[in-house]
Amino acid sequence: MGAHSCLLAVALLLVVAFAGKSSAQLSTNFYSKSCPKLLTTVRSAVKSAVSRERRMAASLLRLHFHDCFVNVINSVSLYFGEQTARPNNRSVRGFEVIDDIKSKVEKVCPGIVSCADILAIAARDSTVLVKGPNWKVRLGRRDTATLNELITRFQARGLSAKDMVALSGSHTIGQARCVTFRARIYNETNINSNFARTRQERCPSAANSGDDRLAPLDVKTAAFFDNKYYKNLVKQKGLLHSDQILFDGGSADSLVRSYSKNPKAFAADFAAAMIKMGNIDPLTGSQGEIRKKCGRPNSSS
């Protein structure tokens, strides 16, 4: 696993929305009483998006695939805040549409419907709009949102809570799109008010407005790999939801505070965690192949 793949894995482990472990609790009428206007609200928004750009149907369908199968974590997309690798990857489009649908759903039934369920409904509706098959969507998924869930998913890959906190420090460099942190700077309370206002100046609250505008993940030294990321978290200046959740009164607080004061400890732990992550299920010896072009297997060249 190369450096780029490792950092992409970090992002995915810190950002993709979790659709739940079992379908046993899902139901086609899950929101029939709590949000009776859900299906019509989503259908209308999807229809408008696909009418504007027909290929958006494919993008919305692809997002649902990512949500279901890129589940090493849940990227924990936590809600698309994490926006990091997946949302910043222009090959995976449609997040701005999901953001718009979510805002519309919140108006008719606030705090009821998960982003994972919205993705599932949007995938079905977009398929139908381009003459594809229809099916009944089972609903009742929850979005990953807690530190303990993140830790559990990292542990499932052989990485400890310490590894998770250290690897999160990769956000000391790079930028994120407005669409990935809009919900945090306008809706969350565990955020420095001055920091939120500064980010709001270039990231409007309205969906589809300024979605591609960038902001540094590390407000202090975005171009340098250092421990300022952790200093930001202590001051509630984490840009993404999945960043600030590391320092929010939970079990990771002490380690975040330690890294904020000890850059050498962070550097050593980050390097060690990168080695561990790079050793997760590698193909060696006669397994796999040596690709001629990294973007596709040799058989398709």
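Placement of Cβ uses the backbone N, Cα and C atoms for every residue, glycine included.
Just so it is clear, the model here is predicted, and its values are computed rather than measured.
If you look up TrEMBL, you'll see 1-24 marked as signal peptide.
On the 0 to 100 pLDDT scale, the domain 'Plant heme peroxidase family profile' (25-298) averages 84 in the predicted structure. The annotation domain 'Plant heme peroxidase family profile' is assigned in TrEMBL to 25-298.
The feature disulfide bond is assigned by TrEMBL to C35-C109 (among others). Using a 10 Å Cβ-Cβ cutoff, C35 (disulfide bond) registers 18 neighbours.
Taken from TrEMBL, the feature site 'Transition state stabilizer' applies to R62.
Taken from TrEMBL, the feature active site, proton acceptor applies to H66.
According to TrEMBL, the Ca(2+) 1 binding site annotation covers D67, V70, E82.
Around the Cβ of C115 (disulfide bond), the number of neighbouring Cβ atoms within 10 Å comes to 25. Residues or ranges marked as disulfide bond in TrEMBL: C115-C294 (among others).
Taken from TrEMBL, the feature heme b binding site applies to H171.
The annotation Ca(2+) 2 binding site is assigned in TrEMBL to T172, D218, T221, D226. In sequence order, H171, T172, I173, K228, Y229, N232 are the residues of the chain that are 6 or more apart from D218 (Ca(2+) 2 binding site) and have a CB within less than 8 Å of its CB.
TrEMBL lists C178-C203 (among others) with the feature disulfide bond.
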Additional residues surrounding Ca(2+) 2, by Cβ distance to the T172, D218, T221, D226 centre under 8 Å: I173, K220, A222, F224, F225, N227, K228, Y229
Fewest Cβ neighbours within 10 Å, where candidates are the disulfide-bonded residues C109, C294: C294
For R62 (site 'Transition state stabilizer'), the number of other Cβ atoms found within 10 Å of its own Cβ: 16
Euclidean distance between Cα atoms of C115 (disulfide bond) and C178 (disulfide bond), Å: 18
Rounded Cα-Cα span from C109 (disulfide bond) to C294 (disulfide bond), Å: 45
